[in-house]
Amino acid sequence: MWGGRKLGSSGGWFLRVLGPGGRNTKAARPLISSAVYVKNQLSWTLQIKSGVFNEYRTIWFKSYRTIFSCLNRIKSFRYPWARLYSTSQTTVDSSEVKTFLSLAHKWWDEQGVYAPLHSMNDLRVPFIRDNLLKTIPDHQPGKPLLGMKILDVGCGGGLLTEPLGRLGASVIGIDPVDENIKTAQCHKSFDPVLDKRIEYTVCSLEEIVEETAETFDAVVASEVVEHVIDLETFLQCCCQVLKPGGSLFITTINKTQLSYALGIVFSEQIAGIVPKGTHTWEKFVSPETLESILESNGLSVQTVVGMLYNPFSGYWHWTENTSLNYAAHAVKSRVQEHPTSAEFVLKGETEELQANACTNPAVHEELKK
């Protein structure tokens, strides 16, 4: 059998090979400890191997808990901006793609199914412009966003992309629906200035997040988050492509009983303001949920304001009530310095020395030096 006890504050273990009745035994098979790193597990473990020891022989296992702890922390440490998603994941809902594919040719019909989005530009364009101007000390009249790089996620036919381009910004519009991008490219080709400032690509956000990490001054996701199948991954990707200090702009629909009654039952099934099946109430997101996800990804929410659409006048206006539509503006935190792996090891060794200082006078004197 085995007998043993823990020694001192260092955590070392004293083991003795014992026979029946607690006596030392010969030709026993004790266990020898060895430290190994298991590749598929981001941790260091102790592996046990067999061995043979003579009579009265003892084994000391010196504790390296602090070292192992530091190594574990190094392996598991992840910077806040580290990639949290898999490139195999997608936030695109295939059923949503089919819906928008059938409507791709109607984007620029200002009296058609997208009339509310055309009208929404009266609110969302100034909302984006004015908040971005707060970060620009000097701007050129007529082109206030000149020099800024903006990503318009789920750009559709380019209804919001083009006004941002006219303000001087360099805009990249992305959409997973090929026909939407064709419509957007065709429309911008009529304006040579926009043709140079705007670029369209058929893709999802997660497909370009690695190559465009910390690239954009602003990311716009207007009327998009209520259509994705993985909201957290989508917002993580938005954060990834933003520069430190960059802005994220979102307009979406709150998840309330009122939004179900007016946003789906009335707007889709009764009044026909938007086509049936455009929205799914379960995908709506409350401002509180949105803010919680954004803040967990290093974004600070600056503004949340309600928007209300009048179906009779066809115009939007701002409101303090966010129970239906709302707009949000969040800013990515500036990069902070984080300890390196070597600093973690040094910190762990220092903590070990300090822990032993009170029991070991020699160590205490060494720390004083």
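Glycine too: its Cβ is placed from the backbone N, Cα and C atoms.
Note that TrEMBL annotation is computational and uncurated.
Annotated S-adenosyl-L-methionine binding site per TrEMBL: R124, G154, D175, S222, in sequence order. The feature Mg(2+) binding site is assigned by TrEMBL to E223, E226, H227.
Long-range C-beta contacts of R124 (S-adenosyl-L-methionine binding site), restricted to its own chain and to partners at least six residues apart, with a cutoff below 8 Å, comprise L160, S222, F249, T251, A327. Shown in sequence order, L117, M120, G154, T251, T252 are the residues of the chain, 6+ apart in sequence, with a C-beta less than 8 angstroms from the C-beta of E223 (Mg(2+) binding site).
Under 8 Å, Cβ to Cβ, and six or more positions away along its own chain, D175 (S-adenosyl-L-methionine binding site) finds G154, C155, G156, I181, A184, Y200, V202.
Neighbours of the Mg(2+) site: apart from E223, E226, H227, residues of the same chain with C-beta atoms within 8 angstroms of the site's C-beta centroid are G154, V224, V225, V228, T252, I253, H279, K283. Around the Cβ of H227 (Mg(2+) binding site), 22 further Cβ atoms fall within 10 Å across all displayed protein chains.
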